[in-house]
Structure formats: structure tokens, C-alpha cells
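Swiss-Prot lists Glu83 with the feature active site, proton acceptor. The ATP binding site feature in Swiss-Prot is assigned to Gly11, Pro12, Met13, Leu14, Ser15, Gly16, Lys17, Ser18. Annotation comment: Swiss-Prot describes Phe113, Ile157, Glu158, Ile159, Ile160, Gly161 as substrate binding site. The annotation Zn(2+) binding site is assigned in Swiss-Prot to Cys138, Cys141, Cys170, Cys173.
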Amino acid sequence: MNGGHIQLIIGPMLSGKSTELIRRVRRYQIAQYKCVTIKYSNDNRYGTGLWTHDKNNFAALEVTKLCDVLEAITDFSVIGIDEGQFFPDIVEFCERMANEGKIVIVAALDGTFQRRPFNNILNLIPLSEMVVKLTAVCMKCFKEASFSKRLGAETEIEIIGGNDMYQSVCRKCYIDS
């Protein structure tokens, strides 16, 4: 793929989205591309930077709106974005960056714990050159898991947590519980 484009990595909690994002960004770094990663600043589960659930860390800019980093990223040709579902300006930002010739890689939850589209992240699908939906392992029956199930009774959409608050589950286990 030459020129600007968007790569979208979606899936449930614990499916390896952040790990795949880091792998792709590192691949471009090895090829001497100038890369930057961005994470949602309200996600501070493990500390600063981009973290995977298995505690791998990667340096990242931290913001709540992507438009806040426009000036800081002008010299970068590859932009990795983790937790893309939380950014209200994700669609406009990615389209603008790709149109300016940048490679944009986004990792995001595709659905909420209620199995509804997560904010406007699915609007990136028709704008993306590459879309990958990862699965996790069902934490109840150990089959392929495509959904995230919240363990608590909270009803708000944006509650940031890991396997202490969410489980990846298959369709049957989601419905049965």
C-alpha cells in the first residue's frame, strides 16, 4: 500500500488489538518510517503510554481529542491510535490524515458490552483500506469470543477497565449469562 491509508483493527476486549497495533507500528519503524502512537488519556489503567493487557508498554501521546495533536504529528508518516472508539473525532481525523498521505492504524472495540456499535468507530469501515476483526477466547467455555461482557451492573458506556471488569465471551455465553 503506497500513500495514505487507514488500517482498522477491531474486536472484543482481550483480543490482542493493542498488541497488533504495536506490531504494525514497529514494522513501519523497522522500515525507517517516522511513527507516533496516540492513546486515550482517560485510560490510565497501567500508567503512561500505550499498554497491552500482558503489560507490554509503548510510548504514546495522550489526549481525549485527536485534533489536539494535529500540530505535534505533522512530521510523522505513520500514526497509531489505540482505543479509537473513545475519540469523538476519530472518523474526521483518520480521513484527514490518510488524505494527507499518512498511514493511520486504529485499534478499537467495535461493540459495547451491550453489543451495540461503539460510538462512531464503525463509520471508519467504509473509509478504511484494511479492516481486521480479531477474536478472543471465551472466558467461560474457551471457544472463539467476539463479544465483551461487563461484569458489573454499571450502565454507562465509557467505563475503562481490563479483565477485572470485562470478559470476552462467545455468543452462547453472552446470551446465557
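From the backbone N, Cα and C atoms, a Cβ is placed for every residue, glycine too.
Worth saying up front: this structure is predicted, and the values here are computed from it rather than measured.
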Same chain, 6+ residues apart, C-beta under 8 Å of the C-beta of Pro12 (ATP binding site), given in sequence order: Leu109, Asp110, Gly111, Thr135, Ala136, Ala145, Ser146, Phe147, Ser148, Ser168, Val169
Count of other CB atoms lying within 10 Å of the CB belonging to Ser18 (ATP binding site): 22
List of residues, in chain order, with Cβ under 8 A from that of Lys17 (ATP binding site) and at least 6 apart: Ile9, Ile10, Gly11, Asp82, Ala107, Ala108, Leu109, Leu134
Ser15 (ATP binding site) versus Cys173 (Zn(2+) binding site) - Cα distance in angstrom: 16
Conformational class of Leu14 (ATP binding site) under the three-state DSSP mapping: coil
Same-chain residues at least 6 apart in sequence whose Cβ lies under 8 Å from Cys141 (Zn(2+) binding site): Cys170, Lys172, Cys173
Inter-residue Cα distance where the pair is Cys138 (Zn(2+) binding site) and Leu14 (ATP binding site), in Å: 10
Among Glu83, Phe113, Cys138, which are recorded as recorded positions, the nearest neighbour of Ser18 (ATP binding site) by Cα: Glu83
Cα proximity to Phe113 (substrate binding site), best match among recorded positions Met13, Ser15, Gly16, Glu83, Cys138: Met13
Non-site residues, in chain order, whose CB comes within 8 A of the mean position of the CB atoms of Gly11, Pro12, Met13, Leu14, Ser15, Gly16, Lys17, Ser18 at ATP: Leu109, Leu134, Ala136, Ser168
